[in-house]
Amino acid sequence: MIQFNCNGSLSTTKKWIIKNCTSICSFQIQLNSKISTTLSELYIPSRTLDYGIYELTLTVTMIESLNLKTSSSVYVRVTATGITANLVQLGTSMITRGSQQDLQLDPGAYSVDPDQDSFDASKWKYEYYCRIYGPYNFPNFQGILLTIENSKTDPYNPSCLSNQSGLIFGNLTASPDSSLTVLGGSLQSNQMYQFMVYMENRKNSSIQATGYVLVTVDDTHPQLIVIGCVISILCVPNLEYQFVNPTTQVALFAICVGTCTNLQNIKWNIYQGSDNSSSNYTQWTLFNNTVLYENIWFFGKNTSNFTATNQLFLNNPQINLWRFEVVYTFLSVTSTSALNFIINQPPYNGSCSINPMNGTTTTLFTILCPDWYDEDGIKDYSLYAWTTDVSQKLMIAYSSVSYFQVRLPSGDNQTSLLNIVISIRDLLDCVVEVNMSSVHVIVDYITTNDLLKSLQSSSSVLTNNLIVQLLSSGNQNIVGQIITAIAQQFNQMNTETIDQAISSGIPAATILVSSLGSSSLQENSTSFNDSALTEYNKILNAQANLRDYLMTFTSDLLITTSNSIKLQSTALAQITQSTNQLTRAALSIASDRCYQLSLALSSMATQIPYEDAQVAANQLIQCASNVLTAVNGPLQERTSTLDLDYSRANMVPIDYDTDLESAWSNTNLFGGGDEASIEKNRNIYYQKQLANQINSQVTSIISLITSSINIHLNIGQNSIINTSQTYMSLETISVTSLSSRIVKQIENAQFHIPSDFILNTNDNSSISLRSKMDVLASFGDFQNTNLSRSISLSIIDQNGNEVSFQANENNSIKLIIPRDPNRLIPSMYLQNVTSINSTINNLLFNYHYINITSSLPISVHFEIHSLNRSLAYLFVYKFDQTPQLNSSINLIDGWTIFCPFNLTNDDIYRYFIDNQQTPGHQSLIFGIRELTSTEINNYCLNNSSINTSLPITDEPYDFTSNYELLIYTSGCYYLDESNNWKSDGLIVGSLTNLYETECLSTHLTTFAGGFIVLPAPINWSYVFANADFMKNKTVYLTMIFTSIIYIILMIYARFKDKKDFEKLGVTPLADNNKSDHYYYQILIFTGQRTNAGTDSKVYFVLSGDDDQTQVRLFSDPHRKIFQRGGINSFIIAVPKSLGLLDYIRIWHDNSGESSSASWYLKYIILRDLQTLDKSYFICQQWLAVEKDDGRIERILPIASEAEKQDFSYVLSKKAYHSVSDGHLWFSIFSRPPSNKFTRVQRCTCCFVLFFTSMLINIMYYDLSNEANASSETHSGALSIGPFYITPQQIGIGIMVELFTFIPSLLIVQFFRRIRPRRQIAPIREALYKIQPSRKISEDISEIKKKKSPITFPWWCLFIAYSLSMIIIAISIFFIIVRGIEFGDVKTQQWLTSVLTGFFSSIIFTQPIKIICLAIFFICFCRNSKDDKETSEYINEDDEFNISNDEEYLHSLEYQSLFSSQSRTSINRLNENEIAFARDQRLKEIQMWAITREFLIYFIFAILVVIITYSNREQHSFYQVNHLRAYFLNQRQTTADYTEINTIDDYWYWLENSFVSNIRAQQWYNGDIPQYLNGFLNDKSSRLIGWATMRQLRVKSELCPDQRVISICEDSYSFSNEETELFQPGWTTNATTEEFSSPVIKAFNYSTSDELDTYTYVGEFGTYRGGGYVYEFRGRLSDMKTNLSTLHQLDWIDDKTRAVFIQLTLYNPSVQLLTAVTLLAEFLPTSGVYTTARFEPINFYTFTSILQLVCTIFYIFFIIYFIIIEIRLLFELRLKYFRQFWSIIQLGIIGCSLGSIGVYFWRFQEANRISQLFEQTNGYVYINLQLAVYVNDILTFLLGYCCFFSTIKCLQLLRFNQQISLFAEILKYSAKALISFSLLFAIVFMAFLGLFYLLFVSKLSSCSSLVNTAQMLFKMTLIKNGASQIMEADAFLGPLCFSLFIFLIVFVCFNMFLSIINDSFRHAKQNQKDDQIILSFMLKKFLRWTGLKKLNQEEIREDRDCRMRSQYFDPIENFPDRIDQLLEAFNRIYMDQKIELARLEKAGV
């Protein structure tokens, strides 16, 4: 089976080809580009093709297979359209002329050819006929009509003329007889004549035309009045009549030709005609009902414009002939003209049928309308459909044939019935309608749902859908039908979805903009349902996606006829009806399409009937209003944001790049913040952009439609467009009727025009009023308008221009602006005031606070409902503070009395404060109180006193009844030209209520009303009434963030506390002997220095007077010991007391890895646990092979009292402890682990202190400000410069400190004095581990407390925490309260001051204070026994009953076998091992130093390269190269700038090259250079402002030798510069000749300050910044003229020394600014020396994030280098400057610091230039000279910085043998090279002087010393031959050259090489061997990476090396071995003694 898939047919291309086949079909016609030839339809406008036969071929090609194509052709003949022959202007049917007036008939001038713009009279022949109208026919002879000039007579029909000589024919050669003049007196008076002209084409006699005119002749001299049709195409001549369609109105206008002064009256008469069968003329009868139907059927009866509606013809079908006559009545004469009409009969004799009668929206219905006939021919058939309301009928389709097929929209919801009418129109637009039988049409849900699903699938699936295939056809009938059907279906579904959402609790105002005239939707009381909202949004977005897709098919539809406009506008109005479902893409297409349709309608407005224009306008206005509402809905938060819009807005655009200026990537446009905020704001940004675009487009649409409709409207006639989304009324009225006019709209919207106003128009005849109302106000910069309708009223003159209207302020325009009916108006808030006892609180009023902060003025409205109708109230208010009113204080801004007799029917008191009172205020506080019965009698019943006085009382009064309150704000706003809402000039009126706003305005525009219902005013204090989060973000966020930080710190502190607990404890040494029961506690303090901790094993020997310990090892299996800053406590057990301690020997085995082997020991405290005596051993030295003296073993003698009082020791011990423990904030992170005051407790205390200080500070903030403010005037203030100190300030400061200090001190001490829950000290635990049999309880009971400080039990900890939390909570509460009172702005100021003081206190004040106090106490209050840091390990009050152990006492009776202490093996390193370890460690340190140096400098070098090279623009060279070639013009020898030698050459280049280059001229093809204003002729670079030409001149001076000439002009210098003012021509005398302003200015001196120029260094001088300036401004021709004038005036002459041409260019393609300076120096010798400088400059600070980051790191590196070099400078002192690399490093630092400074300078200059550019937009010259100088300095510094950095790289390669050899060679040869340089310089200078003196006038290379030196250097390098020198002098030349070569090249160069060779030999012999460290580093690297493993030989060598270093003599080890043996004997002996004693006790 073969199956062919045709779904791919959607992917086709269509192409129309048109060939002219008049002679042969080979010539293809190229149509205008505006004519689309790629659509399925082809529309060729009239007058496009010439007469002839054309072949139209449509070729359809498959895109996927180009070979599959098909074509179809049709042939069309284009023929000439019949002309309209008019004898008089406009084809008037009847005119009036006087018998003595000439009658001119000119068909050659007045006839109309529709095929041409103007009538060509030469193509026609003319014959004129005349008859006496009425009784006679046209004269004829034998049936042949006799022309007017024919002398033959007809006896039955006499000639019109009494004299044949009274005719004058037009005598033009090209068009003879084209006009006829009947001379006065040739026609008889009181007679009516009919003239006829017969016209025949000269080339084609079959083309003919006939024209008629009736002429009434009377005895007066009437003016010629001509009448024409407004819609000329509707007035089709038919013999002596004009055709008129009975279905359309007739709009006529009359024109008085000639002198028409003294016009008294104009009147139109309507006649009905009847053919007289017995005669050859028509009888006219005056229409009797003219007056009755005036302004109903007839409009403008007494004006020059007259309109008769179609009701005249439809209601009088029996009358076929009509005459409309106009009568102009002048002061002495009356003139009449008329236009005769015959009714054009509509098509008839036909019928229409439809099949089938039932179907769906995709069913194809067949329409058949056969047998219709019309004499003029059938033009088209149109189908309209509607459901129930015929006024809502829509155009569905139109066709030019009687058989066509359509797809219909669905019928009525209940019955599915759809009503159809067919409109048949003839070629003259006469219409007949045929009502069809109703058909049943239902929705095809299957196809529609399939389309919805396909949209979410791939495009291949989408093309299979039937709807998509139909839409892709491109046929506007099919597209319109499908879109209309689907749109109506989805509109109905959208309505149902919204109803369902509202019933689910979703507020209607958030998802719907109510249509005009609708009522409020009854909202369900159901609570808000999130799932309902989710479901609603799901359906909403699915349908929105479909509308978005459907809209794309409307963009390419052809706009052909009025039916096309009606069809497409209908579809657009339907698809945009659901404004909540339109995406931005759909809105953009719809808006553009509506605009195009409106433009087309406007262009054909004079060619279509009024009825068609009205139908199209109705749909277009609806479409425009729909898109306007849809685009403003999300911005006004009235409709939901669509997912498709959100995703498209945040989708990376296809054309995205890294340009920061692109809108999508510029987050500054979207408010910054997190990604979600940016995405949301980006969507809003694009919505606003589209809103502005659509607002502008809709304004244009309305203007176009207004002009299209206004053409058809006459005075008194109006056109109303009333749709669901908009209401627009157009009415033409007279100016006088505008006064006191009321313009009403729907929903009670209206304008009341005052009686007196100023109307800015010169036409007082008629104006048009355009009244418009939209459902939703446009979004501006003010959101209070989101519930308001938008109304506007415009006055338009006859030319279509809006007329400004200005009313008097005392008599303003009154507007009523309705609100959306779905606004939410809460019920009134009950104020339970009867429960408040005012007497106790001493209140006179019940106060309420409301916030009235608004960017635009608002009015405040109050509604008060008393529950007791008989009560009266006094209402007072005050802005920004509480109103006060009593007998002594009257502090109010307004008041009123609410009296019962003023109550309305709803029993509500109303009061409002207009928007003129509220600006500048943030809050309003009002008070209400009941009036007493006496006050009611005095102030309510006695009306005379109500407005004169206030009821004032001092007595508090309780309320007797509650009342209800409702407050809302309103406003009046107008939309300005920038689419922003403004309120100036608008006043809110007193009629404003909950449903509408009354506004008073003095001008007319678009208006909207603001509306916000304020929340219930809280009847508390000011604070709680204003405690809104959004209003007080600062104080709330401060408290929230501070609380979060507190919680985070608490978690951190708790974690660290656990770690600290692990560090605590006293560890018994592992090598303690169980038999040893004399205990010492030893505390080891490790320093805080870097790498102070160690991982090595630490040994010690403790020695006393009586004994010494064995070698003991410090170890702890449970925790890491000897950490940096750590304190480790151990218990050492010895057999007996050591006596008075002498020293401790301590060392380590250096077993740690790298830096962990070293150890910095501060000091040791040793405590005898029996006697509680403490001994101190102070070290404060390194035990490290690489530090200090390199020793790892120290003998520390016991410290004396003097040593313990030593300043450095006490400072080191106290300083850190003071900061880590005394600084409360720092101690959270650095608390001593031994301290009982935990980090959690410290954190809590910190925040108690912080919140307390914030509270006290904010409480006294206002007082301190007042003290500061009043200090200047305070009598007791102490003045110190600009500062004042007052007693108030001192008191406030003391109070703040006291209130802060006391609670924080109490809390801290409370925490510090709480005893821990654990009662066992660490040392007791350790002792218990050693002796488990010891009773802890007994120990505790034995404790004797010498001095017991105040402490608290452990459970007080909960009280402390609770108290802290209460203080924090209270502080937060009152801080918030005070912050609310301050307001957000003032709170921010307070917070800034608080945080500044807080951080400065933490970082600077407190550390300095603590350290200073520590130093003070060290100096004056030293206490060597004060060891706070050891409090956890040592308690002075502890006593240990160690002597009560009986076993221990008995064991002492048994003595050892050996009296001497046994010695153990000491595991210490010998000197060789230490030396080896030191060597390895130093190598390792050096290795890491080298590695660190290499990495640091490598990164620094990369940063330097990135910064330096990124500062250069890659396009600079090409830009400069192009501009150099462009301006210097070196290719053209006649205008080569570099070859200018004379002044004439310079002028030639200036006039013929330069001036033409600075203006963009025509393109190569002759096109004008559009949009290239200010560009150079290269079309790529734009001038910033203009170019300037500045001349510097010298003064004339007397010549030194005046024998030849007396006046001379010297070289330029500052002293002889000319600065005088001259007249043109360098004269001081006034001239009578006129010159242009630039030429005159060119002879006036301007200073450098005026020109913003600076000194410039040229080749032959240094020039100032002033001069005589000519500016290249104006047109190119003007500049050339000015230059020619300056040339003639010798602007450049012999006194000119320099001419600067300066211009600033900007190339937008590469974003480069270029400063161009072209300098021509005019030498006194008459030569001209030209130079050109092109300086590209880029002011972009950072072109990438990488550059910014690199710059930041670069600055940090420079700071690091500065610190390093300062340290080296202090170490080396003057030796530092003798090192080469120090100089290089100083160069790097100096250049870097300089470039940073110059960078900021350049940044400042760039800002200055940027500001100038912003102010001038590049239209003023901006001089970049200073910026170029600054940029050059920056480039210089960056270049040298890069140079020095690169040279520094050699230092990193110093371990390379060749590099080090090179350095040594330079070092050895330095002195010799200096001597050689001196010798060489002397010899070279000798030759320099010789060559310069000999050849200065003979050789250009010796013209100056510099050039001579350059030549000699070339000779030295053998780059310069001797030919030039020999030519200059045949003898001296070769001699000097030979001598120079011998001495310099042969002698000096060989000396130089000898020095280098000798230095090389010395360096080679003495070269240092620096390869050891390199090999060490390589070996380490290979081992670390595993790239190389040690072989057996290397392992053996390494072991031998270690063995050699560890070798010792066995004899030396003998005593140690003997000691070990004796110890073993002693242990055995003692064990046996103990065992025997035990057995004896046991009785064994």
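Numbering starts at 1 and runs along the chain as it is shown here.
Cβ atoms here come from the backbone N, Cα and C positions, even for glycine.
Around Cys1608 (disulfide bond), taking its Cβ as the centre, 16 other Cβ atoms fall within 10 Å, counting all chains. Marked as disulfide bond by TrEMBL: Cys1599-Cys1608.
According to TrEMBL, the feature domain 'PLAT' maps to 1078-1197.
The transmembrane segment annotation in TrEMBL covers 1035-1053 (among others).
Look at TrEMBL and you will find 1240-1261 (among others) tagged as transmembrane segment.
Look at TrEMBL and you will find 1290-1311 (among others) tagged as transmembrane segment.
According to TrEMBL, the transmembrane segment annotation covers 1354-1377 (among others).
Marked as transmembrane segment by TrEMBL: 1397-1421 (among others).
Marked as transmembrane segment by TrEMBL: 1494-1511 (among others). Residues of the same chain lying 6 or more positions beyond the ends of the transmembrane segment (1494-1511) and with a Cβ under 8 Å from any Cβ of it are 1743-1744, 1746-1747, 1750-1751, 1753-1754, 1757, 1760-1761, 1834-1835, 1838-1839, 1841-1842, 1845-1846, 1848-1849, 1852.
Positions annotated as transmembrane segment by TrEMBL: 1745-1768 (among others). Below 8 angstroms of C-beta separation, residues 1496, 1499-1500, 1503-1504, 1506-1507, 1510, 1776, 1782, 1785-1786, 1788-1789, 1792-1793, 1796 of the same chain, each at least six residues beyond the ends of the transmembrane segment (1745-1768), sit close to that stretch.
If one looks beyond the transmembrane segment (1780-1801) by at least 6 residues along the same chain, the residues whose Cβ comes under 8 Å of a Cβ in the stretch are 1754-1755, 1758, 1761-1762, 1765, 1768, 1830, 1833-1834, 1837-1838, 1840-1841, 1844-1845, 1847-1848, 1851. Annotation source TrEMBL lists transmembrane segment at 1780-1801 (among others).
Taken from TrEMBL, the feature transmembrane segment covers 1833-1853 (among others).
Per TrEMBL, the feature transmembrane segment maps to 1873-1895 (among others).
What TrEMBL lists as transmembrane segment is 1931-1956 (among others).
Secondary structure of the domain 'PLAT' (1078-1197) per DSSP (helix as H, G, I; strand as E, B; remaining residues coil): 4 helix, 61 strand, 55 coil.
Here the domain 'PLAT' (1078-1197) has a mean pLDDT of 86 out of 100. Neighbours of Cys1599 (disulfide bond), defined as other CB atoms within 10 A of its CB across all chains, total 14.
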